[in-house]
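Q: TrEMBL feature annotations, pasted as is:
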type: REGION; residues: 1-24; note: region 'Disordered'
type: DOMAIN; residues: 53-551; note: domain 'Major facilitator superfamily (MFS) profile'
type: TRANSMEM; residues: 159-179; note: transmembrane segment
type: TRANSMEM; residues: 185-205; note: transmembrane segment
type: TRANSMEM; residues: 217-238; note: transmembrane segment
type: TRANSMEM; residues: 244-263; note: transmembrane segment
type: TRANSMEM; residues: 275-293; note: transmembrane segment
type: TRANSMEM; residues: 398-418; note: transmembrane segment
type: TRANSMEM; residues: 425-447; note: transmembrane segment
type: TRANSMEM; residues: 467-489; note: transmembrane segment
type: TRANSMEM; residues: 501-520; note: transmembrane segment
type: TRANSMEM; residues: 526-547; note: transmembrane segment
Amino acid sequence: MAAGQPEAQDHTPENGFTPLERPAPRLLPHIDGSVLPSLGGFGKHQKQLVVLTWIPALFIGFSQFSDYFLLAQPNGTCVQPLANESDWTAATPPVTVTSIAPSLKPTGNGTGHGYGDGVGMLCACKEWRLELQTGLSQNVVTKWNLVCDSAWKVHIAKFSLLVGSIFGYLVMGVMADWFGRHPVLILSVLFMLVFGLSVAFSVNVTMFSTLRFFEGFCLAGLALSLYVLRIELCLPGWRFSMTMVASFLMVGGQLLMPGVAALCRHWPNRDDWQVLQIVIISPFVLMLPYVWIFPESLRWLLATQHYRRSKAMMLQIARKNQVDMTTEPSGVLTELEQELHKKPQRSCIVKMMSTRNLWKNIVVLCVNSLTGYGIHHCFARSMMDPEAQPTALCHADYYTMAGIAVATCLALCPAVGLMGRRGGLLTFMIITALASLLQLGLLNLIGKYSLRHDTVLRDTLNRKFSVAFSIIGMFSSHAVSTLSIFFCAEITPTVIRGGGLGLVLASAGFGMLTAPIMELHNQKGYFLHHVIFACCTLLCIICLLLLPEPRGQPLPESLADGETFTRQTLLHPGEQHLLLAKSDRDYSRVQDTPLHLSATGGATVAAATALAAVPASYALATGGEVIGNHAIANGV
């Protein structure tokens, strides 16, 4: 009993507080379990606000996929060749230059469609005719003739939106934790309108790229704040389904984008690309009333101890949900009244480094997000047919990628419902790794050990297998990326959720950034690029086993709550107890150790005797630390 008394003193008392710390609120920290149910649960008020977070998702989809049209590479026909290129006439077949097939880009030693060094001949022309196949009659590339020696400026323009998004996720995530979700949302909308509309009036490509950077910055803040607000409005049973609806709307924006571009074609007194930019930015004007109709996150207010603002908002929510708070039995308002004297306490993502488990979980999800988006480009490049016609290439591949995104969203719903967050993420990562390894290895085996004489059949099989594995890989890698972002939003505490989610989204941005980087280098090193990401998938499979399962669990509010989110063991406690109990080893021969170990032999036997007295359940609960402590205490 003497040995058990210290354990009894370490237990938390029934009131939930240890004697050495100041008592904390008993109900207010449990928002999913106490506060929201007392306000009507996921009632009318919350549902209306969630719908308001869905509407901008369609507009965000427009902006994220606008590069496919604003910066699409055109087909070129030489009209007036140089003097030393007199053999090239206007009747010469056009040199196709597309942004979707990297091998046909106007960089490096592209060769066109069998007309020699066609791109080099095109660059030797004094004058050429550029034609787009993406719905517009003119875009940024044709406006300022960004081909040949100026082609690198197209890649800088592509970089600008992605790099701006990366910085936006990092900066706006920290600001959302410090100042609140609502100020970041409104600030992002206002500057999105300013910079987005300014892009349409750019006078050169430098101004275009600079303004696109700030547009990406504001777009990132808008997407992040809406994502966090949507998560924090929902109870555990509604979080995933509400998030997937927003994902469907973003994919809908991707599907509708070609039609929107076609409607902007041949606009009078204005270039097509300028009209398209204005059309995709103008709908954000509808978000200006969010200043008044969209409130701050109640969950963030309570987690950061803004209790005075929380009280007014709780009364407003209860009134809209038709809940009478004067007779509510839970005592949430009564407890809130007692805490009104406390000052707000803000947190920053930097405090994550002081935790033991939380930072590891976020780093694992960052690597998953980076790998998912990075390898997605590898599969996309392998899927595209370099021999296809330009028009078919632009539209078929674009709609194929959009269709794969729709299929991914449809598959995620039942997969996560059956296997949970961690099980679904692990399954899709395994599929991604298998598709990548089979594409890298199996296709080489087909060409090396079989069909060596029938080259036509070999190339046909290689092409079909490559397309099949690419589609499977794009499907699973898109699921990995989507689920990693949602996973992070669930396991990161409310006080630093913006910063944690910003890190994962910024990692996703780095993964997407690999696509224009590879295009800038004319796909040099593409195979190594694919191999590196394939190895990362294997690493992610191992690390995913360390993550917890947040399905059905309340969102963590404080850093301490985030630390309690640890992975569950694979075996049931009873099975583990049986495994640990079956220890029938004979230690009678320990004394037969050599002479040079005799000095430590006695300590070893003493340590083994002490360990034998430790209950198996206690050894399991301490995670093996008991073994190290006893061994050190006995001089081993």
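From the backbone N, Cα and C atoms, a Cβ is placed for every residue, glycine too.
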Q: Mean pLDDT over the domain 'Major facilitator superfamily (MFS) profile' (53-551): what is the value?
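A: Mean pLDDT for the domain 'Major facilitator superfamily (MFS) profile' (53-551): 83.
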Q: What stretch, picked from 244-263, 275-293, 398-418, 501-520, has the most CB pairs under 8 A with the transmembrane segment (217-238)?
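A: If we count Cβ pairs closer than 8 Å to the transmembrane segment (217-238), 501-520 scores highest.
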Q: Go through 185-205, 275-293, 398-418, 501-520 and flag the stretch with the largest number of C-beta pairs under 8 Å relative to the transmembrane segment (159-179).
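A: Answer is 501-520, with the largest number of Cβ pairs below 8 Å.
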